[in-house]
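Here the structure is laid out as C-alpha cells; the discussion comes afterwards.
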Amino acid sequence: MQVLTPEMMKKCDQATIKAAYPEILLMESAALATAKMAEEIIEKEISFEYKSELKLSFLIGQGNNGGDGLAAARILKNWGYQPQIVLTCSPSELSGVNALNFKLAVLNKIEIYQFEQLKTKEFISLIKQSDLIVDALLGTGIKGQIRGSVKSIITLINQQLVKKPLTLAVDIPSGIIAANGNLAGDALKADYTVTMAAYKRGLLLYPGKDYAGKIKVVEIGIQSETIQENSDQLKVFNQQEAKKSLPVRKNNSHKGSFGKLALLAGSPGMTGAPILTAKAALKGGLGLVYLLTAAEIAEMTAAQLPELVSVALPSQAGLIKETAAAKILKFTEKVDLIAAGPGLGQDKGVKTLIENILKESSLDLILDADALNVISDLELLKNYKGKLTLTPHPGEMAALTGLSIKEINNNRIDIARKFAQKYQLNLVLKGAATITAAPDGRAYINLSGSNGLATAGSGDVLTGLIAALMAQESDNFRAAALAVYIHGRAGEFAAQANSDYAMIASDIIANLKKVYQELQ
Ligand SMILES: NC(=O)C1=CN([C@@H]2O[C@H](COP(=O)(O)OP(=O)(O)OC[C@H]3O[C@@H](n4cnc5c(N)ncnc54)[C@H](O)[C@@H]3O)[C@@H](O)[C@H]2O)[C@H](O)CC1
Ligand SMILES: [K+]
C-alpha cells in the first residue's frame with residue numbers, strides 16, 4: 001500500500017475531481033468512512049444503552065478536513081446519534097463544500113458551538129463529558145505552526161485534561177505535519193486515525209506515528225491507478241506484503257539449497273555479536289554459516305553454537321592481519337553470500353579487508369556496523385561488482401553521508417532513497433520506522449516492531465536475518481524488507497512475552513518461529 005506526501009495526495013484529489021468526480025462526493029465518501037469508523041469505535045470501546053445518550057464532539061477546522069468532520073457529524077445524526085460541533089471559525093468564513101456541509105448540519109439540527117464564543121470552562125466541560133472526540137481541525141493542508149483557535153483548542157485539551165476522551169483523528173492528528181511526522185508546535189493525540197485513500201508519510205514517521213494510534217486507510221473513490229500515477233513507489237511493508245514475499249521452500253532441498261554464508265564478524269571482547277548474527281541467519285532459514293574470525297576467538301565462538309563452522313583468520317593479539325584478505329577471498333569462492341561487520345572492530349586490518357572485498361568480490365554482500373564504519377571511499381560502494389546491501393543505523397548513516405543524526409532522522413525516507421540510487425545498492429536505514437530502499441527507487445517503510453527492539457545485539461540479529469532471506473529469495477531488496485519486517489514482528493512477540501523493558505536480542509531470535517508460523 002502506497003505512502004503519500006500532502007502534495008501527492010493533492011494531485012490525486014485534483015486528478016479525480018478533474019476526471020468528473022465531484023469534490024462534494026469525495027468529501028461525502030471520506031465522511032461516510034469517518035462515520036463508520038466512529039461507530040466501530042463506539043461499539044468496541046463504549047458500553048451504552050441508547051445511541052442518543054452518547055456525547056460525540058466534533059472539532060471542526062476551516063478547511064476540507066473540517067468539511068469531512070461536518071459531513072460525518074450529519075451522517076451520524078441520521079444514524080440516531082446526537083453529535084455536537086465546535087467550530088473554530090465563524091460560519092461565514094466557510095466556503096465551497098464546507099459551507100454547504102455546514103448548511104446541511106444546521107438543517108439536520110445538529111448542536112453547533114463556536115469556539116470563540118465559549119468560555120474556557122464551558123469548552124473544557126464539553127470535552128470532559130464527551131464519549132468520543134472527532135478531530136477534524138487540520139488535515140494535510142496544515143501550514144506552519146498551529147495558531148489561532150486551533151492552537152487554543154489543542155493546548156487546552158493537552159494541558160487541562162488529565163484523562164483525555166477517546167479520540168478519532170480525521171485523516172491525520174491535527175498538528176502533525178503530513179509530509180514528515182513532525183509536530184507543528186503541538187498536536188492532538190488520537191486513539192484511532194481514519195485516513196483517506198492512502199497512508200500519509202506523517203502517520204508512519206515519528207513523532208507523528210505516536211500520535212496516530214490505530215490507523216485505518218479507507219477507500220473514498222480515488223482509483224488505485226490515480227494513486228499509482230501520482231506517487232513515488234514508497235509503500236508500507238506490512239503483514240500482507242510479508243505473506244506475499246515469504247520464499248517458497250522446495251521439499252527436495254539440501255542445506256546448500258538455502259544458501260551458504262561467509263560471516264566476517266567478531267573480535268576479542270565482542271564475541272557475542274557474531275553468534276547472534278549466525279544464530280539469526282540459521283533460525284531465519286539459511287543453510288550453512290561459516291564464521292570467519294580472528295584465530296584467538298575462533299574456537300570459543302564455535303563452542304557457543306554447535307551448528308556453526310568456524311574458520312580462523314590470521315591475526316595478532318586478536319586483531320585480524322591485513323594479509324587475511326587473500327585467505328578470505330579464496331574462501332568466499334565456496335559460499336553464496338557474505339555478511340561483514342558485527343563486532344568486527346575498526347582497526348586497520350578490518351579496513352583493508354573490507355576494501356579488498358569491495359574491490360575483488362562479486363558475491364551478494366551485506367555490510368553492517370564496523371564494516372560500515374571503516375568505509376571512507378564511497379566510490380568503492382558504487383563500483384562494487386556484486387549486489388550490495390548496507391544496514392546503517394542513523395549514526396552510521398550520518399558518518400557515511402556527512403549529515404547530522406538529526407538531519408537523517410528528519411528526512412530519513414528521502415535520504416535513504418537518494419543514497420540507494422546514487423550508489424546503486426540496497427539500503428536499510430534502521431531506527432524507529434526502518435526504511436528499506438532499492439537502487440531502482442523502490443522503498444518500503446516497515447510497520448512492525450516495538451521499542452524493545454532498541455536493545456544491544458538487535459542489529460546483529462537483523463543482519464543475520466537479511467542474509468537468511470537473501471539466500472532464499474532472488475530479489476535482494478524484497479528479501480531485506482521482509483527481514484526487517486520479520487525482525488520487527490519477532491520483536492513484538494518477544495515484547496509480549498517479556499515486556500519491552502525485559503526483552504533482549506536473543507528473545508527476538510527465540511520468537512522467529514512464531515513469525516514464520518504466522519506468515520506461512
Ligand atoms: N482525497 C482526500 O484525501 C480528501 C481529503 N479531504 C480532506 O481535506 C483535507 C485537506 O484539506 P485542506 O482544505 O487542503 O486543508 P486542511 O483542512 O487540512 O487545513 C486548511 C485550513 O486550516 C487552516 N490552517 C492551515 N494551517 C494552519 C495552522 N498551522 N494553524 C491553524 N490553522 C491552519 C487554513 O487556514 C485552512 O483553513 C484532508 O486532510 C482531508 O481530511 C477531502 O475532504 C476529501 C478528499
Ligand atoms: K485531523
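Any Cβ shown, glycine's included, is placed from N, Cα and C.
TrEMBL annotates N65, S174 as K(+)-binding residues; of D135, D186, D191, D210, the candidate listed for that same site is D135.
Within G452, G457, G459, the residue that TrEMBL lists together with K430, G431, A432, A433, T434 for binding AMP is G459. There are 28 other Cβ atoms within 10 Å of the Cβ belonging to D171 ((6S)-NADPHX binding site). Mapped onto three states, the DSSP output places G459 (AMP binding site) in helix. Within 10 Å (C-alpha to C-alpha) of N65 (K(+) binding site) lie the following binding-site residues from T140, D171, K430, T434: T140, D171. Closeness to ligand 1 is met by N64, N65, D171, these being the binding-site residues among N64, N65, D171, T434, G459 whose Cβ falls under 6 Å from the molecule. Ligand 2 lies within reach of N65 from the binding-site residues N64, N65, A433, T434, judged by a C-beta closer than 6 angstroms to any of its atoms. Counting every protein chain shown, 30 other Cβ atoms lie within 10 Å of the Cβ of D135 (K(+) binding site). Neighbours of the K(+) site: apart from N65, D135, S174, residues of the same chain with C-beta atoms within 8 angstroms of the site's C-beta centroid are L59, G61, G66, G69, A136, L137, L138, G139, A169, V170, D171, I172, P173, L188. Under the DSSP three-state reduction, N64 ((6S)-NADPHX binding site) is assigned to helix.
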